[in-house]
């Protein structure tokens, strides 16, 4: 009975979450992990807080949005025009805007030049 596999109670073949590498979900749902107490917060805990954990902390609520700041149209997904200074935010004057302007001022200007030519 000293041969491998015949002994009982040694736990040499007992299945545990550590059997599979990276078995994260099973380790988290284990009753022993749930019964484990969380450590008390220390005075140095904020030094070890990562950006990831602070971003995905479900206990904290994000600060309410200021109603004065509204989302502006953006050029590409990473663009944040709310943070741009005012002198860099004129309305873009593109070919599309030139082609599809309001025709009323243009027609008035043409009528004015035509009236000047007729008199």
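One-based numbering along the chain as shown.
Even glycines carry a Cβ here, placed using N, Cα and C.
In terms of DSSP secondary structure, the compositional bias 'Basic and acidic residues' (95-104) contains 7 helix, 0 strand, 3 coil. Feature annotation from TrEMBL assigns compositional bias 'Basic and acidic residues' to 95-104.
Look at TrEMBL and you will find 110-119 tagged as compositional bias 'Polar residues'.
Sequence annotations record features per position, and here TrEMBL assigns region 'Disordered' to 51-119.
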For the region 'Disordered' (51-119), the DSSP residue counts stand at 32 helix, 0 strand, 37 coil
